[in-house]
Every structure is written in structure tokens, then in C-alpha cells.
Amino acid sequence: MMRLYFVEGGSRIWLSSWLQTGGWPLTLIPLAVLYFYRRKIKGSDTKFYFITPRIFIASFVIGVVIGLDDFFYSWGGSKLPVSTSSLLIAAQLAFTAIGAFFIVKLKLTSYSINAVVVLTVGAVLLGIRANSDRPEGVTSKAYVIGFIMTLSAAGLYGLIIPCIELIYMKAKQAITATLVLEIQMVMCFAATAFCTIGMIVNKDFQAISREAKQYNLGEARYYIVLVWSTIIWQCFYVGAIGVIYCSSSLMSGILLAVLLPVTEVLAVIFFKEKFSGEKGLSLFLSLWGFVSYMYGEYKQEKQKNNKSQENEMTTMNSECV
């Protein structure tokens, strides 16, 4: 949806950044449902919110960083084809693994390290012949800057999600679905506020109506693209942060990498983008990295289960004696 905005005549990078988190009020809907559900069970003593000032401040700071990351991603998305930018974004898995290792002390296995290496090689491979898929009207300099911005967005996002997991670990309270949604809402609000300042400085608000009239798909569809972009992005953030809550930051990065083949196919179908040999090899490396990581997780989980069963057998034998 973001690329559709730019391809059909959109040019406001700060507006595109704003759309990525501007749907934060939608989070109030599930929060309201959860509140009334708690109230039905516990009565009038139900707490209205669970977020503490400490968690609020941490979430707000991360939200500002997310706003910066949104700007990087929008800049890159305005200059690069979807297939190229999505392959670069896949490199966030490598940054997530490194960030999780240092920030939340995640233990890296040989499989996760292999995933980091091949994903990095895939990104470098795209950079070797960066200009081969440069869209019409985009200069070499703008393309290179877009390439760097997208890679920076991947790196920054790869560090953001371990920081979110760190908030959960340091919360000193029960992590519930309500608290997760509150954290997500604060982060998106902070990111939106950051992008709003950028829009004001860049005079994007004044340009929206003019851009809508000049949009290739028509004025009505221009606003439809904006609205649906906001909704889709908000669903993305709820899902990504929810996976961190249910599993880990690294798993959230893994699931994002799973969407890579889908994005590649959609880019070729809807935007008629060229799928070069470099992109094919980069896609293969990205999928290889993903499979490598998942196999490592499978083996690690299997070892834990076997060890747990051995401990249970040892305990049972001791009791029998």
C-alpha cells in the first residue's frame, strides 16, 4: 500500500511515515472491549488501565525511535521497488538477532548465526548492482540514499523489537493483553506525534488536498489508499508486538521474514517489477536463513523436551527407590 501511494503520484514522505502509526486510536476498540469484559467479571473495582509511569516513559521513548524508523522506511519506499526494499527489510532479522543477544541476552545458536550471515550476504548482493532495477525518474543518488535508508530502517527496527521485549522483562508486573495493547498505543502515539512535527515543518497538511486532486487514481481513491494504509499498518503493529508478548522478539522478526516471498510475488504481479537474477539469489538466501533459524529452534526445543523427560524419569526412579 505504501508503494502504491508513491507509484500513483504521492510524494509526501512525512505523510507516508505518519500513516504507519496514525491509526493508533483504533487500539482503543480492543482496549474498551477488554475493559468491559474485566468489569463484567470483577465489577466496579476493575482498573481502567495497567500501564505505569515507568513503562509509559519507556514506551514513549521507543515510540519516538519508531517514528524515525518510519521516516527511514518511507524514504526508502519512495525510491526503491517493492521487491528490492522488502529483501532489504528481511535483513532486520539479522539485526534483531544481534540486538536480542545484547539487549535481552538471547542465546545464539549456530543456526541463528548462519541465518544472520546469509541474510546479510543477501542484502549485500542487492547492493552490488543497485542501479539495475532503478525506477524511472529516480536518480542514481536518490536510489543509493533510498537503499541506505531502507537498510537503516531494517537495522533500527531490528533493535526496537528487542527493546520492547526488554520492557516486558523489566515491567515488574503481570504482562497481560491489555498492558501489551496499552504499550503499543503509547508507542504509536509517540511515533505519530514525531511524524506530525515533520509534517508541519514540511507543510504536508497543506499539500494533501492538492496532491489528492492530482493523484493518478483519482481524489476519492487517494483518500481510500491513505485510510487503508493506516488500518493495515496498525494491524501489523498489533500483530508484531503481540508475537513478542506471546513468544519473543526474534520470533516476531522471523514471522516478518516469512512474508518476504508473498511480497515479492505481489510486487511482480501488481507493479510489474522486474525480478532479476540478483533478486532471485537474494530471495533464496533470505529463505535459507529463515529455514536455518527455524530448524535450529526446532532442534533446541526438541532437546529441551528430551531433557525434561529425562529429568522426570530420574525423579520417578528416585521415588521408587
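Cβ from N, Cα, C; glycine included.
Under the heading transmembrane segment, TrEMBL lists 12-36 (among others).
With a threshold of 8 Å between CB atoms, the same-chain residues lying at least 6 positions outside the transmembrane segment (48-68) that come near it are 17, 21, 35, 156, 160, 163-164, 167, 171, 173, 176, 178-179, 182-183, 186-195. Summarising the annotation, TrEMBL assigns transmembrane segment to 48-68 (among others).
Among the features that TrEMBL reports, transmembrane segment is placed at 80-104 (among others).
Per TrEMBL, transmembrane segment is recorded for 111-130 (among others).
According to TrEMBL, the feature transmembrane segment maps to 142-167 (among others). Only residues 6 or more beyond the boundaries of the transmembrane segment (142-167), in the same chain, are considered here, and those with a CB under 8 A from a CB of the stretch are 55, 58-59, 62, 65-66, 68-69, 72-73, 75-80, 84-85, 88-100, 102-104, 106, 123, 126-127, 130-131, 134, 183, 187, 240-241, 244, 248-249, 252-253.
The transmembrane segment feature in TrEMBL is assigned to 179-201 (among others). Same-chain neighbours of the transmembrane segment (179-201): 12, 14-15, 17-18, 20-24, 27-28, 30-31, 34, 49-51, 55-56, 59-64, 66-68, 70-71, 164, 167-168, 171, 173, 234, 237-238, 241-242, 245, counting only residues six or more beyond its ends whose CB sits under 8 Å from a CB of the stretch.
Residues annotated as transmembrane segment in TrEMBL: 221-246 (among others).
Residues or ranges marked as transmembrane segment in TrEMBL: 253-271 (among others).
What TrEMBL records for 277-296 (among others) is transmembrane segment.
Remote same-chain partners of the transmembrane segment (80-104), defined as residues 6 or more beyond its termini with a Cβ less than 8 Å from a stretch Cβ, comprise 3, 73, 112-113, 115-117, 119-120, 122-123, 126, 133, 135, 143, 146-147, 150-151, 153-159, 161-163, 165-166, 169, 248-250, 252-254, 256-257, 260, 263-264, 266-268, 271, 273-275, 279, 282-283, 286, 289-290, 293.
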